[in-house]
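Asks: Found this in TrEMBL, in case it helps:
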- 10-119: domain 'EamA' (DOMAIN)
- 12-35: transmembrane segment (TRANSMEM)
- 47-71: transmembrane segment (TRANSMEM)
- 77-96: transmembrane segment (TRANSMEM)
- 103-124: transmembrane segment (TRANSMEM)
- 150-284: domain 'EamA' (DOMAIN)
- 150-169: transmembrane segment (TRANSMEM)
- 181-198: transmembrane segment (TRANSMEM)
- 210-230: transmembrane segment (TRANSMEM)
- 237-256: transmembrane segment (TRANSMEM)
- 268-286: transmembrane segment (TRANSMEM)
- 301-328: region 'Disordered' (REGION)
Amino acid sequence: MLKLASTDSRMPATQLALIRVLFQAVFCTVGMVLRRVPILPRQHRNIWVYIGGRGFFGGLAMLLGIGAIMLLPLGDAQALSDLYPVFAAVLARVWLQEPLQAALPFALVLSIGGSMLISQPAFLFGRSSGAAAPCIPVAMGPFSLCKETLGYATAVLTSLAMAVCYPLVRKATAAHPLQLVAALTLFQALWTVVYVLLSSERFLPPSDLSPHAVCLIGGMVCCVFTYQVAFSRGTQLIPAGLGSVLASTDVVWAYVYQTFAFGQAPGLLNLAGMGCVLLAVTLLGAEKVLRALRSEEAQHSSHLAGAGRGRCETGAPGPALPPASPQGQLKGVALLEGA
């Protein structure tokens, strides 16, 4: 929707992002007032560090992601930005001491490989022309970097910033999802304003917007706000490594949307990549279900064993047997008479 709205309204992507942030702030404020959610949890006074950290790195990831899309081809930017499951799994293991699932390494490889096959970045699959891309200098203060080099660095930094968000949200499990979204909204607005002040990009007045563009912008605002609330709550409930891999499936949905919205037919590599990502999620989900079933069986067995030991130690009689049926009584009498 961001791409369609930018094309239809001719507004820069950062201006649309700022409009989305402003409406997101309104929705978040109304939700917190209606739900009577405080700005910060009152029972946990130190949790504001994790809430603010998530907002800081989440806003930075949004801005870096937009920059990567502007500097790189869409395939390169999307593929490199989806490397965050690797960093999130490492951070979750080191910081949160979360156990690594046996299927997680395979899922990471499948997820990253699938995103590469779907996006087909030029740095792996080459360019159709076969010629090297010219270096377009981009001034950064006293330094000057090639546009492509700066884009690759920005995309990798996007992955790092997104990866940090997962353990931070896990540390802020006592926070309400709206509190996390409020902090994210604040820092997204601050990062966007900083970018506009430091860059030469200028906003356009939202005049002569077509009804189609207004609907696209409104849909973008509603979808992103719903996503942020669901992401905040979901990341609080599941391990960070698993959550990051599940979230990396956005490349599949983006590809499906791009296929139907822009009429681009899928190729064999695209279908293979989609299958890899879906297989990664299936492996993690299957292992999660098996672990839950084994845990329930172990708890049930330990409960029965504990009950049996308690009866033996106290000398209490075991559970009474159910009374025999009339047919069983007749069979018992016949056996006694035959004896």
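A Cβ is built for glycine as well, from the same backbone N, Cα and C atoms used for every other residue.
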Asks: Give me the stretch from 12-35, 77-96, 150-169, 268-286 with the greatest number of Cβ pairs under 8 Å to the transmembrane segment (210-230).
Replies: 12-35
Asks: Hey, which bits of the same chain come close to the transmembrane segment (47-71), Cβ under 8 Å, at least six residues off its ends?
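Replies: Cβ under 8 Å, 6 or more out: 13-14, 17, 40-41, 77-78, 80-81, 138, 147-148, 150-151, 154-155, 157-158, 161-162, 164-165, 168-169, 171-172, 174-175, 179-180, 182-192, 195.
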Asks: Let me know the model's mean pLDDT on the domain 'EamA' (150-284).
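Replies: Mean pLDDT across the domain 'EamA' (150-284) comes out at 80.
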Asks: Are there at least 3 C-beta pairs under 8 angstroms linking the transmembrane segment (77-96) and the transmembrane segment (181-198), leaving out pairs fewer than 6 apart in sequence?
Replies: no
Asks: Can you tell me which parts of the same chain pack against the transmembrane segment (12-35), counting only residues 6+ beyond its ends and a CB-CB cutoff under 8 A?
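Replies: Same-chain residues near the transmembrane segment (12-35) but 6 or more away: 2, 5-6, 62-63, 66, 69-70, 176, 178-179, 181-182, 185-186, 188-189, 192-193, 195-196, 201, 203-204, 206, 217, 220-221, 224-225, 228.
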Asks: Could you tell me what the rest of the chain brings near the transmembrane segment (150-169), counting residues at least six beyond its ends with Cβ under 8 Å?
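Replies: Same-chain residues near the transmembrane segment (150-169) but 6 or more away: 50, 53-54, 57-58, 60-61, 64-65, 67-68, 71-72, 76-77, 80-88, 91-92, 95-96, 123, 138, 140, 180, 232, 235-236, 240-241, 243-244.
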Asks: Can you work out which residues elsewhere in the same chain, 6+ from the ends of the transmembrane segment (77-96), have a Cβ less than 8 Å from its Cβ atoms?
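Replies: Hits for the transmembrane segment (77-96): 65, 68-69, 71, 104, 108, 111-112, 115-116, 118-119, 121, 151-152, 155-156, 158-160, 162-164, 166-167, 170-171, 239-241, 243-245, 247-248, 250-251, 254.
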